[in-house]
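All remarks here apply to the structure that follows.
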Amino acid sequence: MSAEPLQALANVGKGESTRTLLRVVILFLIAGAAVASRLFSVIRFESIIHEFDPWFNFRATKYLVANGFYSFWDWFDDRTWHPLGRVTGGTLYPGLMVTSGAIYHALRALTIPVDIRNICVLLAPAFSGLTAYATYLLTNEMTPSPSAGLLAAVFMGIAPGYISRSVAGSYDNEAISIFLLVFTFYLWIKALKLGSMLWGALCALFYGYMVASWGGYAFITCLLPLHSFVLICMGRYSTRLYVAYTTWYALGTLASMQIPFVGFLPVKTSEHMPALGIFGFLQLLAFLDYVRSAIPGRQFQTFLWLFAGGTFGIGLAGLVIATSAGVIAPWGGRFYSLWDTSYAKIHIPIIASVSEHQPTAWPAFFFDLNMLIWLFPAGVYLCFQQLADEHVFIVVYALFGSYFAGVMVRLMLTLTPVVCVAAAIAVSNVFDAYLIVKSPSTEDRQVEDVSEAVAKKAKSGLKSTSKPVVGVYSLISKGAVVSAMTVYLLLFVLHCTWVTSNAYSSPSVVLASKLADGSQHIIDDYREAYQWLRQNTKDDAKIMSWWDYGYQIGGMADRPTLVDNNTWNNTHIATVGKAMSSKEEVSYPIMRQHEVDYVLVVFGGLLGYSGDDINKFLWMVRIAEGIWPEEVNERAFFTPRGEYRVDAEASQVMKDSLMYKMSYYNYNNLFPPGQAQDRVRGARLPEVGPTLDVLDEAFTSENWIIRIYKVKDLDNVGRDHAAASAFERGLKKKKVMKKRGPRVLRVD
Amino acid sequence: MKTSAVLSAVLSFLSLATPGSAKSSSRVTLPSTFTPPQVFKNANLVHIISVEKNYVKENINVAIENIDKAPQDEYFLPFTADQISRLGGFEVKDRKDASAGPFAVDVVEFDLESDTQYVRIRLPTPLKSGAQQTIGISYYFLKAYKPLPASIKQEEIQFLAYSFSAYLPSAYTSTKQKTEVKFPSATIPDYTKLPGSGDIKEFPVKQGSKLTYGPFAEKPAGAIEPVQVRFEFNKPVSHVSRLERDIEVSHWGGNVAFEERYTLYHRGANLSSLFNRVKWQQSQYYQPLSHALKEIKFPLRVGSADPYYTDVIGNVSTSRFRSNKREALLEIKPRYPLFGGWKYPFTIGWNSDAKNFLRRLSGGGYVLNVPFLEGPKQPEGFEYEQVEVRVILPEGAENVKYSTSIPSSSIKEAGVEVHKTFLDTIGRTTLVIKARNLVDDLRERELVVTYDYPLLASIRKPLIVFGSMVALFVGTWLLGTIDLKFATAK
């Protein structure tokens, strides 16, 4: 009697519609968890745009919302890269801004007045929910197991490798493009499996959206042809592949060429050539397929060799000629750095100076993926076992993704989806085997054996092709494995939460510190200084700073800048680097020529804030040296013993540089004489601080993180600034002299 | 008790203005050749100028005498065109009879080119021939001072200069008058000296922090004697060029939400050399008084909750809110100390329980009683050039009437608009009142709004949300039943 309610309870999960409902509920919960785990920074700080690049995206979104789509498309921004300006509308990926703009207008139409900033801040978490769903769909294509998809969705939702680029406030292109990446892959698999033109077209559509959103679209552009190529090499050419690939390539390329920034790149640059090559190759194969069905086998052999060899030769020659003639652009610097990790350091310091372009350290894999990284090979192995077309995709993606993730830190992002999918396949495989409470009884086995024997006889196949019946009998081993996996999963959640909370949830615009009583103290120097610039300088005052702060100044201070994070003009950046690293007499003409009104430097010496300009200074020197090797010399900034110092031992060139002077000007007055201390570099500074002739201190923030200097106008009586300020100092000295009593003639 | 007070206030004020015809301070237009008829004489006049705060408060207590044969009720007070644009809070009361209430006051418009403009005071009862009445006139001048020297060093002391006339510029003959000037401190390094009369050799007479010019003998109409005083004022000269104050009433939430957007300037002496953080940090220890604005305190109504303080680039963390049964004090610090010539716009807001402000009238309808102005309370004062108060009533509220104890001459215009926000269909009824030249002395003055809010309007939104959700589900279901597949041949 008592078994009946239990039975009824057990039967609840068995109906088809109940299962669907459960799945929907679980997926919603996963999306909720994905969103919630990204909100640390909003709860701890506020709804604020993070870091550097997002500030530009935010500013562009505000421009789009205020001025409409067409003026956004034609936007020429004269408030950056002064005096050059930037054709912003044609040099950005508009997908992100248009998405936010569309959401904004949709909400307005429903009369829900949401601030555009809140949309921008919460866009990445919202899309992470969608990414989890897309991963669910992609995994479901790989395995019949019902749990794999849900596990993959959970992994994707909370894996730190993805959270690092999608916390609330990190309003960057990656925020939406990881969703687009995974969804495009799902549509590709679907199109390939069904050989469907409709799915192929949908795949092209989302590919187009992806191209509109992120430069990382090249990953898809290379991965899909590679997958096709591997399939062809495995002898798996089919009309399904032909239909899916040609539909995607033709429509997708057309879609991508609609973006002004991409334009004709898909037919001009080397990165896009594999896709074009495979497209041509597939046409040949289709043609050969047709020929083979039309002519007899022997003739076909000779025809094949001649035809294939000829086409390959012509194609290769054409490519070489086109590249050398400059029709096809040679590989870009960022591309070379993907193969040789030390390439950028030698040839393009500006790429190497960005921390996220550094090669990945091994612990980073465990940090960002935790247990997924050791489940990943197991999942890939399981794919090898089945090895249908879609499993080949996972294998290819895994290889490709792992390599690139090892080369550049930021490409960990593209690896994460495949790791989640593979790991979910592995975990679900384990659970599917061990979570069945009922042990296979011997009778069942006999029955199975009998039925199998019958089937065997009927098929009379090889013994190895039939799977042996395996089952886990002991409840203890089931319990042990299941509980171990559960503990791992729980630890994984713990690790993800910890990493997200500690490593990826700081806005970096606002710093937090703990007071002695444990309460949180906000250090808000950046915004203090930016707000001061915004309110108390004239509207078109040009600000010179290192390029890292360009986007923030544009977004928060709303003032024109010389250089910013869109590092399109290396010479202009080198000019700023030269002005920062040269003597005042050299820098002043540069600043006058560029109409600089204020110079902004970041100084962490008082607070011990290590991300300041003195620590970045060597990159400025290197980049300037790349353009003016005679005038700027990196070696001269080191002491004779090769140390990088800022104290009294520092080299004279270092002490004379504008950056050094601006950082430490007036700093020693804050301390008792001789006690001035730089807390970042742990150095005791010389008792007499540097003097500035061509600049005036205009503003210093509360904790001295931001220091702003005003460029002096030309002297009223035509002296140079050094003479003028020496004169002023001289006057004071004379007064001191007078106190010493009457002069005495010196008698020899 | 309180309800009845509110009710009586409502009844007494409702006649004052309705938003439809709400030009209560309408300008009176007179022919361009107008001069005030010489029907009055100022028998005794005391002019008190207070420069203690960063605006000027002037009080004129005058005994007026009708020297015409007929009873008269129109008294004119002249100002220059520049003064008129900075004049605010103009109120006239009977000194002998406090219950008489404020007199009607109009700015007379007769010749836009003329530098002399008049304010017309209408006595409630015409003054009989030869009779005397003592009236008290009080008003404020904004943007009254100029710093002298105009730019000083960060650690120096700020001095302000104020120019005025030692005799009150009057449209009538004054028999006897004197002018008193009250200062924030006794440090008054410069002031114009005038020859004395009677036993006093020289004007002004200095008594602590007070200067007295006069008493003067009879002066004809329009007589002036320009004088200037320069005094120490080592406090910020805060000036709000625009204040937007939103009061949003929610019946469903039982909440009244306030939001105020300030455009704040410091009108004091500019820095002669640029801002120096070292000096600023050092002066925090040994010389905490400064002409820079460091902190603003908002004493809010008790029961205010969830305050926020932001500016255009986000939340500002330097604020404190102390709330208990006796007070709700919001203390905010600008991101940077505000020196002369600097600007700092910011936004603050808070919530409050609706029952603190909202009452239901017995006749149906509601009455809302909120402070017209709830700005900061600073020892040095706070002045507002443009004020726009928006009372956002619930969707469907109608028959809106308002009254306020702010001097009616300060209110420029008022009207009812529609404001669309969260899931509104017809938009919320919004009462918009624009006022100018207010000061923090007037921050206790109240604004009373009455309106009707029918039941149908209150359930409109739930019905619409419910209806649209149902429509959405039905639509989805209908779409789902459509078979888009090609029939497969079997």
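Here the Cβ of each residue, glycine as well, is placed from N, Cα and C on the backbone.
Here the structure is a predicted model, which means the values were calculated and not measured.
Per TrEMBL, the feature transmembrane segment maps to A:20-40, A:88-107, A:119-139, A:145-163, A:175-208, A:246-267, A:273-291, A:303-329, A:364-384, A:391-409, A:415-437, A:469-494 (among others). Under the heading domain 'Oligosaccharyl transferase STT3 N-terminal', TrEMBL lists A:22-422. Per TrEMBL, the feature domain 'STT3/PglB/AglB core' maps to A:543-598.
Helix, strand and coil content of the domain 'STT3/PglB/AglB core' (A:543-598), in residues and according to DSSP, is 33 helix, 6 strand, 17 coil. With a cut-off of 8 Å between Cβ atoms, the residues of this chain six or more beyond the transmembrane segment (A:391-409) that come close are 142, 185, 188-189, 192, 219, 222-223, 226-227, 230-231, 234, 236, 337-339, 341, 355-360, 364-365, 376, 379-380, 383-384, 415, 418-419, 421-422. The stretches the transmembrane segment (A:88-107) and the transmembrane segment (A:246-267) meet in space: the count of Cβ pairs below 8 angstroms, excluding pairs fewer than 6 apart in sequence, reaches at least three. The predicted model assigns the domain 'Oligosaccharyl transferase STT3 N-terminal' (A:22-422) a mean pLDDT of 88. Long-range contacts of the transmembrane segment (A:145-163) within the same chain: residues 19, 23, 26-27, 30-31, 33-34, 37-38, 128-129, 131-133, 135-139, 178, 182, 367-370, 372, 412-413, 415-417, 419-421, 423-425, 427-429, 431-432, 492-493, 495-497, 499-500, 503-504, each at least 6 residues beyond the stretch ends and with a Cβ under 8 Å from a Cβ of the stretch. Using the rule of three or more Cβ pairs under 8 Å, pairs at least 6 apart in sequence, the transmembrane segment (A:119-139) is not in contact with the transmembrane segment (A:273-291).
Counting Cβ pairs under 8 Å to the transmembrane segment (A:246-267), the stretch among A:175-208, A:273-291, A:303-329, A:415-437 with the most such contacts is A:175-208.
Across A:175-208, A:273-291, A:415-437, stretch A:273-291 shows the highest tally of CB pairs under 8 A with the transmembrane segment (A:303-329). Outside the transmembrane segment (A:415-437) by six or more residues, the chain places 131, 135, 138-139, 142-143, 145, 147-149, 151-152, 155-156, 159, 161-162, 178, 181-182, 185, 368-369, 371-373, 375-380, 382-383, 394, 397-398, 401-402, 404-405, 472, 475, 477-478, 481-482, 485, 489 with a CB less than 8 A from a CB of the stretch.
Long-range contacts of the transmembrane segment (A:175-208) within the same chain, counting only residues at least 6 positions beyond its ends with a Cβ under 8 Å from a Cβ of the stretch, are 95-96, 99, 123-124, 127-128, 130-131, 134-135, 137-138, 141, 156, 162, 165-166, 214, 216-217, 219-220, 224, 227, 238-241, 243-252, 255-256, 258, 389-390, 393, 397, 413-414, 416-417.
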